[in-house]
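Annotated Mg(2+) binding site per TrEMBL: A:ASP453, A:ASP459, A:GLU462, A:GLU463, in sequence order. The domain 'TRNA-binding' feature in TrEMBL is assigned to A:39-147. As annotated by TrEMBL, domain 'B5' applies to A:404-475. According to TrEMBL, the feature domain 'FDX-ACB' maps to A:704-797.
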Amino acid sequence: MKFTLSWLKDHLDTEATVDEIAEALTDLGLEVEEIINPLDKLKNFTLAKVVKAEQHPDADRLRVCMVDTDEGEKQIVCGAPNAREGITVVLCKPGDYVPGIDVTLSVGKIRGVESHGMMASERELELSDEHNGIIELPSGEVGQSFADWLAVHEPAKVDPVIDIAITPNRPDALGVRGVARDLAARGLGTLKPAQNVEVEGQFPCPIGVSIAEDTTDGCKVFAGRLIRGVTNGPSPQWLQDRLKAIGLRPISKLVDVTNFFTYDQNRPLHVFDAGKVKGDLLIRRAKEGETLVALDEKEYTLGDGQIVIADNEGVESIAGIMGGLSTGCTEETTDVFLEAAVWDHIQIAYTGRALKINSDARYRNERGIDPGFNMQGLEQATAMIMELCGGEPSSVVVAGAVPDMSRAYKLDPARVISLVGMEIPESEQRQTLTKLGFKLEGSMAHVPSWRPDVMGEADLVEEVARVASLTKLEPQPMRRVQAGVPKPILSLHQKREQLARRTAAALGYNECVTYSFIDRESAALFGGGTEATMLENPISSEMSHMRPDLLPGLLQAAARNQSRGFNDLALFECGPAFQGGEPEEQHMQVTGILVGRTGPKDVHGGSRPVDLFDAKADAEAVLAAVGAPEKVQILRDGPAWWHPGRHGKICLGPKKVLGIFGEIHPKILKAMDVKGPVVAFTVWPDEVPAPRKKTTTRPALDVSDLQAVERDFAFIVDAGVEALTLVNAAAGADKQLIENVRVFDEFIGGSLGEGKKSLAITVRMQPQGETLKEKDIEAVAAKIVEKVTKATGGVLRG
Amino acid sequence: MDDLRDKYIRLVAEAGDESALEDLRVQAVGKKGEISLKMRELGKMSPEERQVMGPKLNALKDEINSALSAKKEALEDVALDERLRAEWLDVTMPARDRRVGTIHPVSQVTEEVTAIFADMGFAVAEGPQVESDWHNFDALNIPGHHPARAEMDTFYMHRAEGDNRPPHVLRTHTSPVQIRSMEQQGAPIRIICPGRVYRADYDQTHTPMFHQVEGLALDKDISMANLKWVLEEFFAAFFEVDGIKTRFRASHFPFTEPSAEVDIQCSWEDGQLKIGEGDGWLEVLGSGMVHPKVLQAGGIDPYEYQGFAFGMGIDRIAMLKYGIPDLRAFFDSDLRWLRHYGFASLDVPTLHGGLSR
């Protein structure tokens, strides 16, 4: 919303400077976005007088002038045709910045003659496009400030323009008068009294108006009148200046009047060329497919139920949004029908959005105009049209009735103080509301008709607070929840997330944050891409579905890094995955991928391709960090995106999956354009059972002084036998004595023959009561062999 | 006897290696060595002679033995020196490679924010990212026709045919977590809600996903002046600038009343932004006193409880604090970016250890 200082002063009696006004506006919630003050760039320039002008000795078009200035007589070379003796000019001195040519002047020599400054044209000072010669002033003294001279003689040229951002709750501030009212409430001047105009109709209005029965909820009141015998044409200079200053193009007197009221008092109006209206006007709902060429010369196809103004020939205007071209006013218009109406703002918003029309009228009508000003707006606009264009007014025709929006809320001064935390005396609170137009009756505040946003007591608090100034609000310490040391606040889930994240980073993974939505194809590779997880309005096809898993996003990140020449990667993410499209269908994953080699080639020969046991170790480390039990099952048959024979689920029972690790299926890598090998793990920290114990005390450390004994065994088993089966069997031979069983070698093929392998284990036995004798050890060894043979069908390797 | 001594001392000194030394030992003090044989002769001597010769021979034996062991040690030292000389390595060779992981700035800054608010008694609340439109809008006093709905560039979830519920949305702000927390916990309450939010906007300075942190404090007497204090304390701690100035400007949000936009003090010098100095202002968050309708939507009596809420961008304050120029790069996972702007795994921000690196 733009307006000029002089326009503001039409409504506000004030001595405040532009800066003071701007500061107050921002503080009041009418945030100043820009101030264009033409005086700022003119403040250095002074008036001077040419006392002598002679031909330049070496240039036909240049004159050497002697100029009387506040610093004495100066020699200035000038190329303007009107540079001559006796004229009063605007002087720019060496050191001054000249905005129109973007140059800071210095003393120069032009064709061998020294020049101490310049005499400016209007264009060089950005006052207009005039550049046929230098400025000649009809009055003014040598040394006088040019800015001061302009402020007195041509104020419109130096009228500061203020641009403010208006929040959706403040339609009243979309009119200059509303802005003035806020400033007056703040104490930056006095609001001038509202006009009260009544123009008597000279004859009955020949155009009738009515609202269709099914449209009365969409159009509250529609008022209008004919003014006949008007003379249209260009507006007077003051009106053109105002409209131009705020970025509007003056069109004609009749149209400019409507634009003036739109900005002056947030009162959009419409003018029909009455000579082109056929019959009466009916406000009704459009039928699907009706069309209208609007004033922007575009054809709109209307939807069922949108509200239009129609005459006998059809639709002539999209109600409250934009008029039709065929009944628009032109230079030839002599009879004009002036409209002022109140529309349902929700209807306007829906229609405007559907037709994609962004007009000043829509903008204001959908935020809410002042219904109380409807009839007075019509009267004032009538008077202005008659003043500018002459003509004779009819009586006013009205359909519907101005809606009664009156309501009142209780002002509780103590509650205002409690909510804001500022001691604002009751008298000040009442005064603020009064200045904003509220009528106070006892403790009840009646809301003015221009404030549709005020819908409760809380809104009164806001009015009082913002006028009192939140900038001045003194911070007050907030009481601690409890005295002393704060209690921990993280939940188990949050602590686990943090531990998992920092563990993964400690294991050498770089944390990524990838988008929660991915393309359908990638989502489908990981069990997603369903309709339920689809976005209705994705920003691109790359971001169309909620991710079912963190792997696709990480694999895409890996592909991007590979294309940049980084082939060995360790990436992880800790975040949400979405198994469905309902709010509760979201869960946290910690997923890491290892790509390429364990590290760059090096002199130590330590670099090798990553394998699933790297991923397994990392999955186990992350699980350990979040408190998962040590004893778990490793099960197969995970989802199809894993290598079928090279992955394992880390489980507590078949249905309790804590994590998964393995190689990614080569088809997936191919589809996602990632060069392998890629191994990965995912951990679901929330699946890990919560710790049962509440005490911080650890169990006592139970260690034996007796020496532990280790024995190695090798078994020949079928190639399909899993190591864990063998280890568990061996450990079961004597649960008291056997502390630990570890696989330390695997050998396949050779003399063992097809389908066989040898697994070697170390069994560590920790005696409790007395030292182990050789025969005890042998007894346990025999039992181990027996148990393993039974469990695996294997034999001890000879 | 002196001859014997001189001979062996000389021979020991001349011995070139350990085996030569061993030969000498046998020859001199071995069972049948020259000195041992002489000692055997002691028995045949008269007591007077023995009294003279006995100590002399013992002394001689000790001296030879000492010489032998001293020489042995010397020879070992020489051998070790030789071996060590041969074991020279080029220590300028690179060390064994070890991967170094990093923490993403969003995670780090979220922990920083959490540490500060935890000290002021705020817990961390979370909520779903696919959200009902009631929680995301209606409960926050944003009805269907409200311009804010259109302005927020909302992502909608697809609705299956025949499912006539209003479509779910990707939450456009973390504010719906306020509602869920009020529903679950009631008042009094102090929470922050960090997390992902979504808006259909993608250009130089916008990404369709970013991070916000919401704050909510409700009690019987919490005021806007408390809000101002909490935020000033937060900014001073987060940006590590004592007495950082904030500016509260009246504004409007459907879910708070009164509402304020908050700017922090900053300066621009040579294109470099500095927080906490100068006389410029940078808008960093929106805030206000929770609207009575929002309290009611969360099941809280607005005549009994009151308080404030605020919301700010985590990515944004991360960019400001750590001088990260481009928001889009946050979500690109470029290894070079992750390494440059990331944080060490053990670099956990704490109030006692400091919040920045």
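We count from 1, first residue shown onward.
Quick reminder: no glycine exception, Cβ is built from N, Cα and C everywhere.
Fair warning: this is a prediction, and the values are worked out from it, not measured in the lab.
Features as recorded by TrEMBL, highlighted on the structure.
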{"residue": "A:ASP453", "record": "Mg(2+) binding site", "CB count, 10 Å": "19"}
{"residue": "A:ASP459", "record": "Mg(2+) binding site", "CB count, 10 Å": "20"}
{"residue": "A:GLU462", "record": "Mg(2+) binding site", "CB count, 10 Å": "28"}
{"residue": "A:GLU463", "record": "Mg(2+) binding site", "CB count, 10 Å": "28"}
Secondary structure content of the domain 'TRNA-binding' (A:39-147), with strand meaning DSSP E or B: 9 helix, 43 strand, 57 coil
Reported mean pLDDT - the domain 'B5' (A:404-475): 95
Secondary structure content, the domain 'FDX-ACB' (A:704-797) (per DSSP, counts of residues): 31 helix, 33 strand, 30 coil
Secondary structure of A:GLU463 (Mg(2+) binding site) (DSSP, helix/strand/coil): helix
DSSP state at A:ASP453 (Mg(2+) binding site), helix/strand/coil: coil
